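Here's what TrEMBL has on this protein:
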TRANSMEM  25-47  transmembrane segment
DOMAIN    28-203  domain 'Cation efflux protein transmembrane'
TRANSMEM  53-74  transmembrane segment
TRANSMEM  95-113  transmembrane segment
TRANSMEM  145-164  transmembrane segment
DOMAIN    225-284  domain 'Cation efflux protein cytoplasmic'
Amino acid sequence: MLLPNADGENTGTSGVKRRDRIIKILTTASLIINIILVIIKAVGAVISNSLSIISSVVDSVVDLLSSIILMWAARQIKKKIIYKYPTGRARLEPAAIIILSVIMCAASVQVIFESVQTFADDIEYFTKPYNQTSCKKLPDLDMSIVPIVVMVLTIVSKAVLFLLSYRIDNPTMSALAEDNRNDVASNIVALVCGLIGQVRHLTGVTAEPSFLQLITHLAYNFRPDAVTKIDTVRAFHSGTKFLVEVDIGLPSSMPLAIAHDIGEQLQKEIEKLDNVERAFVHLDFEFTHGPTDEHKTG
């Protein structure tokens, strides 16, 4: 007669307990990380105004809701109420999945709608003549260091969770690993798309008409007793900020020292604006020439 090996049984039981403990730790860690990612990615989305990062925030919110609903369903399934649920409460799990599916579909439809609308506005902006789009404005993207760091942290944390959960042979961990793998891919795409959306700012594209009007208003009301004319106002993107050029007219009889001080003061006033990286003020006394006569173009 063969007797079971007590040591083998204890080893198997301890292995199962150890695995269950690891699963619980990873599930809790995933929930905590999702909460942190929702907060920091929301900050990154507000700063960058990038629709791809906003969609990543929506994805993180759905992940967080998924974790909460599934944890709630798992707890409720364990509670036995024989008289109210004679066959058990295992059907709560598919019900929770249906609820999550509805939430995911609603969020995805909203993001797709916003993306199509933004894409249509961009096409209209670039295909219509400038005078027909002067009242339109492209969304200002600011892929500064904060949004980039947020997205990199998201990718790294999801990759680590994927590697840890992938090693455990368990249906829950397999689902968690697959979700984290998909999140790594989607967040890489979101980061790349956000950076691509910033490319036009690196090409020296002109500023929006509203910003040019602001610079013109500032120059026009600066020393009206001395400035005789605002000849040219130009501003163009240089990364996330603007380079500004202003040509003003001064009396030909004005001493050089006074003219220099006026130009320097106007330059400092313009550079006080948060989104101005550098300002250049050109002084002149006649305006028969065009801007292209003095500067290289092309």
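The backbone N, Cα and C atoms fix where each Cβ goes, and this holds for glycine too.
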In the same chain, residues at least 6 away from the ends of the transmembrane segment (145-164) whose Cβ sits under 8 Å of its Cβ atoms read 26, 29-30, 33, 37, 40-41, 43-45, 47-48, 50, 53, 56, 60, 176-177, 180-181, 183-184, 187-188, 190-191, 194-195
Counting each residue once, how many in the domain 'Cation efflux protein cytoplasmic' (225-284) are helix, strand and coil under DSSP?
16 helix, 28 strand, 16 coil
Within the same chain, the residues 6 or more beyond the ends of the transmembrane segment (25-47) and with Cβ under 8 Å of it are 53-54, 56-57, 60-61, 63-64, 67-68, 71, 142, 144, 146-147, 150-151, 153-154, 157, 161, 164-165, 168, 172-173, 176, 180
Are there residues at least 6 beyond the ends of the transmembrane segment (95-113) whose Cβ is under 8 Å from a Cβ of it, and what are they?
51, 54-55, 58-59, 61-62, 65-66, 69-70, 72-73
